[in-house]
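K.L.:
I am attaching a structure below and will ask some questions about it afterwards.
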Amino acid sequence: MKFKNKTVKRWIIGLFLSFLFLNIVTIFIGYRLTHFSSNGKAIDTSRYDKAKARVQDLVYCVIGTARPKNDAVPYNPYETISFESNDLKIEGWYIPARRSKGTVIMFHGYISDKSKLIEKSNKFHEMGYTTFLIDFMGSGGSEGRQTTLGYYEADQVKEAYKIIKNRKKESNIILFGTSMGAAAVMNAVKDHDLTPHSIILESPFGSMLEAVEARFRLYHIPSFPCARILVFWGGLINGFNAFDHNPYEYAQDIHVPSLILYGEQDDRVTREEIDNIYNNLKGPKKLATYPEAGHKILLKNSKNNWEQDITQFLTRSSEHVEI
């Protein structure tokens, strides 16, 4: 009997220590994934390579990621505009177009910066639109070292929108976001009652939990229970409930014309996530998919179709015809 009691006690202690160790490791990873490191490694996310994704994730978790830096400036004349959000200075590049049809406010993805949006900005210029490229907190010319995958970044979307609407007196405002930027756009439209003319969402994830689970899929590791533990601690470390950060739910309160762009080779966002967002959107909407494209590199892999889909969407939404 004493032997059995000792065995049970050892099992309980072992399980407790294992659970404690798992939580400690998860807290460390949660911090690394949401805070840029001064000693971290710089990673170029503009050239997403599926084969290197696993190695990159290990770098993020172990030694941290360097603060993203702008590595280029716009080809066209531009104005640097700074504003405050979350008690931080946020920087944007305002690039006016001649005889502008409207203004596209652009938001980058995770571990990126506004210089990675220049190529897409040029395409909008060719279509006749002014652009406003934003560095989220922790990136490029903006202050801070924190990222929350679109949660607190929603306030930066709101402030950028107010500048274009109130200071620049623009009535035709389009919000464009890629991946994390798309999540921030949807969060802002829902929580801050923004009324842009339309929104363009490139590779949006469905929920924070699904975004974390995608990381585990890359390693072919079962996500339960680690993904949920990571979402819990990641949110707690950053002061919010990460289980409530769900773009597919934000979509239920979005009534403006919306275009979703999705690469069918995306290993970070599933088609099911995209369909959930699309089905929940309440306004006029269109889903454009690209068979050969992966995550966040739609312009590179499907340039002509990307341009055609956006041009058609903006034209039809401005003319108030069926999208």
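Glycine is treated like the rest: Cβ placed from N, Cα and C.
Unlike curated records, TrEMBL annotations are generated automatically.
Note that this is a predicted model, so its numbers are computed, not measured.
So TrEMBL has the following annotated:
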DOMAIN    100-207  domain 'Serine aminopeptidase S33'
TRANSMEM  12-31  transmembrane segment
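Can you tell me where each of these features sits in this structure?
P.N.:
The list of residues near the transmembrane segment (12-31) in space but at least 6 beyond its ends in sequence, with Cβ under 8 angstroms from a Cβ of it, reads 61, 226, 229-230, 233-234, 237.
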K.L.:
Determine how many residues of the domain 'Serine aminopeptidase S33' (100-207) DSSP places in helix, in strand and in coil.
P.N.:
40 helix, 22 strand, 46 coil
K.L.:
Pop the mean pLDDT for the domain 'Serine aminopeptidase S33' (100-207) in here, whole number is fine.
P.N.:
98
